[in-house]
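Student: Not my notes, these are from TrEMBL:
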type	residues	note
DOMAIN	262-303	domain 'DUF7630'
TRANSMEM	308-332	transmembrane segment
TRANSMEM	352-374	transmembrane segment
TRANSMEM	409-433	transmembrane segment
TRANSMEM	459-475	transmembrane segment
TRANSMEM	522-541	transmembrane segment
TRANSMEM	607-626	transmembrane segment
TRANSMEM	638-657	transmembrane segment
TRANSMEM	677-702	transmembrane segment
REGION	768-819	region 'Disordered'
COMPBIAS	783-799	compositional bias 'Low complexity'
Amino acid sequence: MLSENKIELIGSKAFVLSNSSMRIYLIRTAMKAVHLESMNEGEIGSLNFNQENGSVQCRVQLGVGQSDEEYIEFDDIDEDMMGVLRRVLEQSGFAQWSQDSSKFLPCPAGTFVKSADKGSTSCSECPPGGFFSDTLAYVSDQCKRCPNGTFVSLDKKPGRRALDCVACPQGTDTNSFAGFRACKCLQGFYRTHLFKGCKACQKEGFLCIDDYVTLKPGFWWRWYNDVYKGMYQNFTLNLRSSKPSIENNEVEYSFDLPLAYECPRKESCLGGLDSTCKQGYEGPLCEVCSPGYHKRLQTCKKCPSKSWMGAQLAITIALLLILVVVIVWTSVKKNRQSNNQRPLVDIILARLKIIIGFYQVTFGLLDAFSFISWPDSLSVIARYSEILQFNVLQMAPMHCLLPQLKIDAFGSLFAILVINIGAIVFAVVAYWVRKFMILRNDQLEDDDKSKQVSQTKELVYRNLFFFLFVTYLSTCSKTANVLPLSCRELCFTDKGYGCFTYLKSDFTVECRSPRYKRLVNVAYFAVVYILLIPLVSYLVLWKKHKKVKVTENESREQQRYISELAAGLRFLSENYTGTSWYWELVEMVRKVILTSGLILIGGESRAYVGLACVISGLYGILFAYVSPVEDPFENKMMIITLAVTFVNLGIGAVSKIPKENVPASIDPYVDTVTFNLLVVGANTLVIGLLVVQYSVYLYNFLKEWRKNPKWSMSCCLAMLLPLNDLQGELRGLVGRNMMRQQLQSGRIGMPSVTGAVKDSGAVDFALEEGDDESQDSRRQQDNRQSANSSRNSGSISMNDLGISALVVHPPQNGNEAPL
C-alpha cells in the first residue's frame, strides 16, 4: 500500500508477481499513471478505484477488447464523475456497450470513433469504398484510407485490414482515391451500382456526368413507369451525395435505362431525366403541339387570331374564285374562236399548272425532310406555298377556333377527301342546273341546245379535273401519312419491350389502337382514288391520241372531234408535243415519289436526301433530252423548276453536314445574307419569268406609246393584259372582227382592236396563211419561223406560246399613226 505518498512514478519491474495474486493500493499519491512494465511480465487482472469507505467505484479490466468479458465498468459513481470518465474513454476510442450502459469497450477493427463528435457513445463502422481500420480503439475523423485505385467492396465491409482493399473495377479512375464508391467513373462512363464497374456512354443521346446518365438536348426517352423513374432519380441523388447511402434501393439501379430517340426537331427536346419539351411542344419526341399551338412544317406556332385566320380564308377563296372566273371566261371565249389556235384558257392552265406543281413539290420536300434545318428563307417560301395545297385546316386550325376539337392526321385526310368530294358534287350540280336552263330555253334550236350542253360538260370537266389535280399531291401526302408504312415504333428499352407505334406525321395516333385499325380503311379507299385518277386520265388521253392517229387523213374538223371528257382533260396534254402526250403522267409520278414516296420510306438521314437529289437530277436530264413541252417558253419554265428543285435538295444535303473550318465571323454572314438571297432568288425565278416577260412587253409598249401619248379602249386593253396571253384572243378577233361586231352592236362606235393596236404604232401584226397540216406541225414550223424572224428583223414573235398564225412586228419606218 502506498498512501499519502508523493511518489510519482513506479519504475520498470518494480513488482515481481508470482502465481498468487497481489493487491496494490495507491491512495492519495502523486502518480498520474501506472505502467505495465512495472509488473515484471505479470498480468494485472483489474484496477479498482475505491472510495475511503472501501467500496469499489471503478474496476478496470486490463487487456479489454479480447472478449465481451473484458471491459471497463463504472459502478456507484456520482453523475459528475461519471461524465468525466465517459468523455475520457470516448476520446480514447472506447464506446458504451449496448447491453450495459455502465460498461465500455474499445472500438474493434473496422470501426473508429469520430474525434470531432463530442458525446458519441458508439463506434462508427468504416463505410465500403476507400476506407478500412486495422486498429482497436481507432480515433480519427474517418477510417484509414485505402491506396489510390483500391476499394473495399460492399460484401467485404467494413475493411479490417489493408488487404481488404482491392483494385477498382473496369471503367473507373484508378489514379485517384475511391471515396464512397468503387472509384469514380472515367470521363464518358456511367454506373448503375456504387460498388461495381462503369459502362461506356456509347448509346446515342446519353450524356454521362457525375457517374450517372442523363438525356442530351435534342433527344427524347420515356420511362417504363413512374416507379422506375423515381428509383433512378433516388439513385442519382445518392451518387451526388457527400456521403452516399448503402441501402439496397439506393446503392443500385437494377432496371434497364430508357432508349433515347433523336427528336425530328432537336430544338423541341430539352433533354434531362424528365425528357422535358420546349414550351409549345409535348408528347412522344416532343412532336405534339400543346394547347394554344398549331403545327406548321413540323414547328409548333402560337394560334393566330381569329381575324387573321378569317382573312387568310377570305383571300384564298377570293383568289380561287378569280381563277375560276378567268378560266370560265376564257373557256367561253375559246368556244367562240376558231379551232386553229391555242386557246387562252389552255395557256393559262398550262402555266398555272407548272407554277402550282413546282411550289407543291417545294412544300412536299420540306415536309418530307422536316428533320433538316432548312434555311429560314426557304421555310417562308414553303409556308406560303402550302396555300396551293388547299389545306384549309392549316390556314384555319380547328383546335385554334375550338380548343376542345382536335384534328389529327385522319382528320386532315377526311378534310381533303371532303373537299374533293365537295368539288365533284358542286360540279355535278352546276352541270345539271346549267343543262336544265339550256333545255328550258325555247329560243334555242335543238342543235344549239346540244352544242351548249356539250360545251357546258366540257367546261365542268376541265375545271373539275384541274381542281382535282391541284389537290392530288395533297391527297397523296395525307394518305401516305396514315398508312401503316408511316408508323414508327418507340420502345422503352433496347430490349424491345414496352413498345408503342405512332404515326410519324401525328404522334397522337397510336397505330395499334382499335381506332386506327378502323379508320385506316378510309386510307385504303383513298389509295384506290389516287390510283384511279391517273389511270383514267391515261386511258382517256391514250384513246384520244389513238383516234387522232387513226383518222390522220381525215378532215381537220373530224380530227378535232373529241369527247367531252377528253376535252376536259386537254390541259394535261395540250402543251406537250404529239409524241409526248403522256408526259404529264410521268411528271405526276415524279411529284408523288419526291413527296409521298419519301414519307413512306421514312428515312431520316442524308442518304435519303441524296436519293431524292439523284432522282430529281436524272429526271431533269431526261426532260431536257426529250424536251416534251412544245412551247419554248413553257419548256424553259419547266427546266427552271426542275433545276431549282435540284438546288433545294442540294441545300438539304449540305444542311445535314456539320460545319467544318468555317470562321464564325464569315459563317453567319453567308447564312443570313448571301445564302438566303440565292435561295429566295432561285425559288422565285419561276414566277419571275412571267413577271419579267410582261415587264419587258410593258416597257416596250409604253416606250412606243410615249411617242404619241393618246388614249383608246383597245390601247388600254393591249397594255393591261400581257400581249402573249392576248395573242390567241387577238388572232380570233382579227380573223372574225368579233370586237368590231360587239362594239357596233351597241350605241358607242369604237375602232376594232386590230385597227387600234395597229394604228397606235406600238405593234404591227399580220395574219399568215395556213394549210391543212396538223396542228403540231404548224406550231413547230411557226416556232422556227418566229426564231428566224427574231434574229433577222428584231421582231417580237407571238409563237412563244405555241400560237402559229400571229406574228407581231414593231414598226420599221418609225412613223406612228395617231390614236
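Backbone N, Cα and C define each Cβ position, glycine as well.
Whatever TrEMBL says is automated annotation, not expert-curated.
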Student: Under 8 Å for C-beta pairs, could you tell me which stretch among 352-374, 409-433, 459-475, 638-657, 677-702 has the largest tally with the transmembrane segment (607-626)?
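Tutor: Selected stretch: 638-657, with the most Cβ pairs under 8 Å.
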Student: Take a look at 409-433, 522-541, 638-657 and tell me which one has the most Cβ pairs under 8 Å to the transmembrane segment (352-374).
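Tutor: It is 638-657 that shares the most Cβ pairs under 8 Å with the transmembrane segment (352-374).
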Student: So what's the average pLDDT for the domain 'DUF7630' (262-303)?
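Tutor: That stretch averages a pLDDT of 87.
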Student: Helix, strand, coil residue numbers for the domain 'DUF7630' (262-303) per DSSP?
Tutor: 6 helix, 18 strand, 18 coil
